[in-house]
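Swiss-Prot has this to say about the protein:
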{"type": "COMPBIAS", "residues": "21-33", "note": "compositional bias 'Polar residues'"}
{"type": "COMPBIAS", "residues": "221-231", "note": "compositional bias 'Low complexity'"}
{"type": "MOD_RES", "residues": "88", "note": "phosphoserine"}
{"type": "MOD_RES", "residues": "130", "note": "phosphoserine"}
{"type": "MOD_RES", "residues": "165", "note": "phosphoserine"}
{"type": "REGION", "residues": "1-33", "note": "region 'Disordered'"}
{"type": "REGION", "residues": "99-121", "note": "region 'Disordered'"}
{"type": "REGION", "residues": "200-233", "note": "region 'Disordered'"}
{"type": "TOPO_DOM", "residues": "1-242", "note": "topological domain 'Vacuolar'"}
{"type": "TOPO_DOM", "residues": "264-301", "note": "topological domain 'Cytoplasmic'"}
{"type": "TOPO_DOM", "residues": "323-326", "note": "topological domain 'Vacuolar'"}
{"type": "TOPO_DOM", "residues": "348-373", "note": "topological domain 'Cytoplasmic'"}
{"type": "TOPO_DOM", "residues": "395-410", "note": "topological domain 'Vacuolar'"}
{"type": "TOPO_DOM", "residues": "432-438", "note": "topological domain 'Cytoplasmic'"}
{"type": "TOPO_DOM", "residues": "460-483", "note": "topological domain 'Vacuolar'"}
{"type": "TOPO_DOM", "residues": "505-515", "note": "topological domain 'Cytoplasmic'"}
{"type": "TOPO_DOM", "residues": "537-561", "note": "topological domain 'Vacuolar'"}
{"type": "TOPO_DOM", "residues": "583-621", "note": "topological domain 'Cytoplasmic'"}
{"type": "TOPO_DOM", "residues": "643-648", "note": "topological domain 'Vacuolar'"}
{"type": "TOPO_DOM", "residues": "670-692", "note": "topological domain 'Cytoplasmic'"}
{"type": "TRANSMEM", "residues": "243-263", "note": "transmembrane segment"}
{"type": "TRANSMEM", "residues": "302-322", "note": "transmembrane segment"}
{"type": "TRANSMEM", "residues": "327-347", "note": "transmembrane segment"}
{"type": "TRANSMEM", "residues": "374-394", "note": "transmembrane segment"}
{"type": "TRANSMEM", "residues": "411-431", "note": "transmembrane segment"}
{"type": "TRANSMEM", "residues": "439-459", "note": "transmembrane segment"}
{"type": "TRANSMEM", "residues": "484-504", "note": "transmembrane segment"}
{"type": "TRANSMEM", "residues": "516-536", "note": "transmembrane segment"}
{"type": "TRANSMEM", "residues": "562-582", "note": "transmembrane segment"}
{"type": "TRANSMEM", "residues": "622-642", "note": "transmembrane segment"}
{"type": "TRANSMEM", "residues": "649-669", "note": "transmembrane segment"}
{"type": "TRANSMEM", "residues": "693-711", "note": "transmembrane segment"}
């Protein structure tokens, strides 16, 4: 018997239940979506795949789903039910794999109608309903059926055409839920299959809800949006759209999910466990999931996002850091730390890929156990608290200089300015949704860029015009043996950005290009750091201040405005820097869910998980606000006590917190997750030895530079 797929394309020959050698020109149509092989499925597939070309193999894998009909789940006592079961399985469980093709814009959206005359050995998809005219025309007989499809579409008044720019934001799990129907149950074994599938769905939803990703639930309005609202996304200005993706990345700092739950205020949502009273057919879940930016960010946007994450206040500390380390030593070490940082970021992504998890802490948990996750999260908290404290000191010193130069109020005590920042930061710390920080942070990035341009202009003017290219007095060209450890900490402080590496790589449309993008970002940041630091140090020599802005002409209106705007920028960026630390600490005090045991009249007990959200309980909300206020006060206090020695404060944060986070933990994770498995536990091979050397070098550097920064200088 010659089996044909309905489009006139030869699939193979079957006689007496045995599969003969298929034709070398065998092609599987793109429109066919599911195939059920009747007899000897494994042998048939193995035999056929061995004779196919790579192109045919890719096409067959891409367009078909194979189901083993010899499985006990598909055996019935009566053969007449066989075709009905096959059609039911195909229609209800196999045809959702291509739904996501809508977003690609060049795939058809198939709609398969079962036919009673379908062969038991091969069921071909027919009656393809596609919005893509090219797909119809490229198929066999497409020129004949093209006008028929158009006529049917035109006569259907209820049919809505999906615009090509509209993305399919409906979650995949929702597709499966909606596919359950009476036609899928009205066949032998239908209830059993539906119960098994429903059980798996509920387990999947329970696991997702119990994890940190549960916090991205949104209201029902997301699927009720019209096509025009989806098209409006493309009209958002490039910089704004790019920065919103930057906020998404910060909401998943180090791979953790720090977005608060988007539960409506009026909801009383619970997640119920299963017992013997659970219904076989549950009601469809109407809870919609907020579409994430995962897998959609272009390479250019990733470059800008990473570059913005590396450029902040650290670059303004580098001219003074060059004075601490010496010019040539500082330039060479800055280039070394750029290469070192790139390698550690790269092996962290490799460790993530080998472990199959998307969180810095979860990688440590999987490879070493809970203790590793604890110290990773602790280091993240210390780093973000240190960054926030440095930002507060920076803001206070620049506001102090601005008020003195413009309003001539004298040098205000830093304690007043610290109290002023506390009053601002406490309400901002109450923000749960990170997207509400978009406008302040967008302005902050604009002011930072403008400030860097002003710094380059004024330092270049002083060096090349005022000093006629002659370096200022006090420049140390070699190594400053007395203060070089302060440079190490400050340089690492400037290069620290490991918290955004994992979420940025996850959000890429083409993650295989991440190493190249990361290399370009590190190279660009290194060139920018060396240029600004060298210009500033040569222009002011030994008189260079901890923050280079304080060396600029204080009577110049542009300098005064930059001091004001840069201070505002850093002040508006501080809540974003503090956000991950607050969420990590808060998650330790408040678990995501609270177990509730519900007893029924028949003495059975059901376990329910109630979200521990402030939107459901005002006491929890204000208790969280109280803890956030305490965290802000602690950070401000740390900043106040470290304000007298800002360069030492920054160096200690870089040495004590950033070195283990950037240079020790990634090497440890890569050693256990990649190097040892690849070499079968042989430590003397190159990769394990390299990871081990990096670990001990990082530990020695952390201990020595931290000690020298605190006690030795």
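Glycine too: its Cβ is placed from the backbone N, Cα and C atoms.
Looking at 302-322, 484-504, 562-582, 693-711, the range that has the most CB pairs within less than 8 A of the transmembrane segment (374-394) turns out to be 562-582. Contact check: the transmembrane segment (327-347) against the transmembrane segment (649-669) gives at least three Cβ pairs closer than 8 Å, residues 6 or more apart, which meets the contact criterion. Spatially, the transmembrane segment (693-711) is not adjacent to the transmembrane segment (562-582); fewer than three Cβ-Cβ distances between them are under 8 Å for residues at least 6 apart in sequence.
Packing against the topological domain 'Vacuolar' (537-561) from elsewhere in the chain are residues 316-317, 319-320, 322-323, 327, 394, 397-398, 401-402, 405-406, 451, 454-455, 458-460, 462-463, 467, 471-475, 646-647: each is 6 or more residues past its ends and has a CB under 8 Å from a CB in it. It is 562-582 that, among the stretches 484-504, 516-536, 562-582, forms the most Cβ pairs under 8 Å with the transmembrane segment (622-642). Looking at the topological domain 'Cytoplasmic' (583-621) alone, the prediction's average pLDDT is 76. Counting only same-chain residues 6+ beyond the ends of the transmembrane segment (302-322), those with a CB under 8 A from a CB of the stretch are 242, 245-246, 249, 330-331, 334, 390-391, 394, 445, 448, 451-452, 455, 486-487, 490-491, 493-497, 500, 504, 507-508, 514, 517-518, 520-522, 524-525, 528-529, 532-537, 540, 544-549, 551, 570, 573, 646-647, 650. Outside the transmembrane segment (516-536) by six or more residues, the chain places 299, 302-303, 306-307, 310-311, 315-316, 318-319, 321-322, 327, 330-331, 334-335, 338-339, 341-342, 345-346, 452, 455-456, 459-460, 463, 494-495, 501, 508, 544, 548, 551 with a CB less than 8 A from a CB of the stretch. Annotation: stretch 649-669 has the most Cβ pairs under 8 Å to the transmembrane segment (484-504), among 411-431, 562-582, 649-669. For the transmembrane segment (411-431), the neighbouring stretch richest in Cβ pairs under 8 Å, chosen from 439-459, 562-582, 649-669, is 562-582.
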